[in-house]
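Asker: Sending over a structure as structure tokens; questions will come in a sec.
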Amino acid sequence: MQWSIASATCLFIATIPALQYIFNLIPIFGVAWINATYIFGFSLAILTGAAWEKTTPNQVGDYLFLSIGIASAISIGLQLHQFFRLDSIGPWILMSSGTRHYANMAQPNQLASLLLLGTLACWWGFWRKLIGPYTALLIAALFLFGTALTESRTAWLNVMLIVVASLIWHKLIPSKSFIYGILGLSIFFAVCVLNLTTINEALGGGLPVEYRSASNDPRWAAWVMFLKAAVHEPFFGFGWGQLGHAQFLMMDEKISFGGSFLQAHNLFIDLILWNGIPLGLGISIFLIWWFLSTAKNLTNLAQLMSFLFLMVLGVHSMLEYPLQYAYFLLPAGMIMGSLETSLNHKSIRISHKFPIIVVLILGICALPITIRDYFRVEDSFYGLRFEQKKIASDYPKTPPDVIALTQWRDYIIFARMEPTPNINPDRIAWMKNLVSTVPSAYGMYKLASFLAVNDSPLEASQWLRRLCQTSPSDQCEIIRNEWASQSEMNSKIGGIPWPNK
């Protein structure tokens, strides 16, 4: 059995959250589980892509690009439905406001990356002679129009890089008409972007387009804040899924900009925060080496398009966190695996079948356990929401019986607890870890109430301040009124004034 270096590296990384849980760097089992499972799934995707490419060359690309093309076509239809403000079609579509429409992807940059991958799918389909040149151009133009409607600056950068890459590797492109088509589509995209205001006035109801300045982007402040946080835990980091702890630490040092960031919006900074500076830098250097060595050895168009697929998601991951969504992470893994096979990357040969059997058994067990837990958590969460709004429902009013996703079971237990005095310090520590890992305005309010009635007024005030720093002003005001109401019934709560941000 051949194991690629990338898949073997990911298997090693998948053990890190488990070790962090064992050594109490991650205090909640479910957080370690979900992070390890995601990385493990990524490793399996790489193995699958590599084996598939070895058995049937280019078929990985055929099926993935077909799926992405279909998803992009459906998404552009939903986006245009939002753009024209048509009547709701119920649960089949999310409703958006403003000028940045995102179909059912819930975030404009997510849709932009999907549509750019859909544009590459048109290129792939034409090259594989599955669709004609004019069909490919028309569909690609439609996808690029949808990309422009997202107003995604990440997409602007990716389009420029695709054009540059096409010119650098022009010898891999079979005809000049390919390059002319790419250049023509990029010009069309630029025209759409520059005329978004006119397009909105003519078709979308006349809402003004607000071009955002990169210099005022909150990501800059987030990166500075998290890099300073990394210095506090330089050797082992904060643990996977623990960035809430890093943000709250910086808030206490007055190095926060407001808002809640549970990801650094940069993959390399995330890796450093999750794993510590030595290991985080090591993984980052490995990723850079992999991309550079892959780019250096491209020999045909299929490899180039697969590389561009990864480049789109790679650039996006430098500015946000698309790879924390399985619908991007797993296809990226399969493309990585197929590229490694196609380029004959060095691999590790394992003569025994036992390791792969263990890996497959773990994968077969992890997926159904996670799915089972998810549905149980979902039902219990809905039950909690209805209960808080005092609406009768048939949803369970008990914590979910879960095996793996313990963070959500614990959150539901905590949400139902009423503040009482004389709480065990270990129980208070459990609450703090839970709220730091799964932060919410309600959770911080509840924790502050517990701290207040257990004679920790300074900590209670600290969590109230954190609440308003990470929540919208209207939500802060609602909870402020609730705090005032509780103050009338409990003197210890009443003794803690509402803090200024």
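Placed from the backbone N, Cα and C atoms, the Cβ positions cover glycine too.
Found this in TrEMBL, in case it helps:
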- 102-124: domain 'Protein glycosylation ligase' (DOMAIN)
- 139-281: domain 'O-antigen ligase-related' (DOMAIN)
- 307-468: domain 'Virulence factor membrane-bound polymerase C-terminal' (DOMAIN)
- 30-52: transmembrane segment (TRANSMEM)
- 64-84: transmembrane segment (TRANSMEM)
- 104-124: transmembrane segment (TRANSMEM)
- 131-149: transmembrane segment (TRANSMEM)
- 155-172: transmembrane segment (TRANSMEM)
- 179-199: transmembrane segment (TRANSMEM)
- 271-292: transmembrane segment (TRANSMEM)
- 301-319: transmembrane segment (TRANSMEM)
- 354-371: transmembrane segment (TRANSMEM)
Asker: Sort out the residues at least 6 away from either end of the domain 'Protein glycosylation ligase' (102-124), same chain, that have Cβ-Cβ distances under 8 Å to it, and list them.
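Answerer: Distant contacts of the domain 'Protein glycosylation ligase' (102-124): 61-62, 65-66, 68-69, 71-76, 78-79, 82, 93-94, 96, 131, 136-137, 139-140, 143-144, 146-147, 150-152, 154-155, 158-159, 162, 178, 182, 185, 302, 305, 308-309, 312-313, 316, 319-320, 322, 325, 328.
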Asker: Is it the case that the transmembrane segment (179-199) and the transmembrane segment (155-172) touch, counting contact as three or more CB pairs under 8 Å in which the residues of each pair are 6 or more positions apart?
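Answerer: These two stretches do touch.
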Asker: For the transmembrane segment (271-292), find every same-chain residue at least 6 residues outside the stretch whose CB is under 8 Å from a CB in it, and list them.
Answerer: 5-6, 9, 13, 16, 226-227, 229-230, 233-243, 246, 264, 310-311, 314, 336
Asker: Any chance the transmembrane segment (30-52) and the transmembrane segment (354-371) have 3 or more Cβ pairs under 8 A, given the pairs are 6 or more apart in sequence?
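Answerer: Between the transmembrane segment (354-371) and the transmembrane segment (30-52), which are separate recorded stretches, there is contact, as judged by 3 or more close Cβ pairs.
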Asker: Which sequence-distant residues neighbour the transmembrane segment (155-172)? Criterion: at least 6 residues beyond either end, Cβ under 8 Å.
Answerer: 109, 112-113, 115-116, 120, 144, 147-148, 178-179, 182-183, 186, 189, 193, 298-301, 303-304, 307-308, 311-312, 315-316
Asker: Which whole-number mean pLDDT does the model give the domain 'Protein glycosylation ligase' (102-124)?
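Answerer: Average per-residue pLDDT within the domain 'Protein glycosylation ligase' (102-124): 96.
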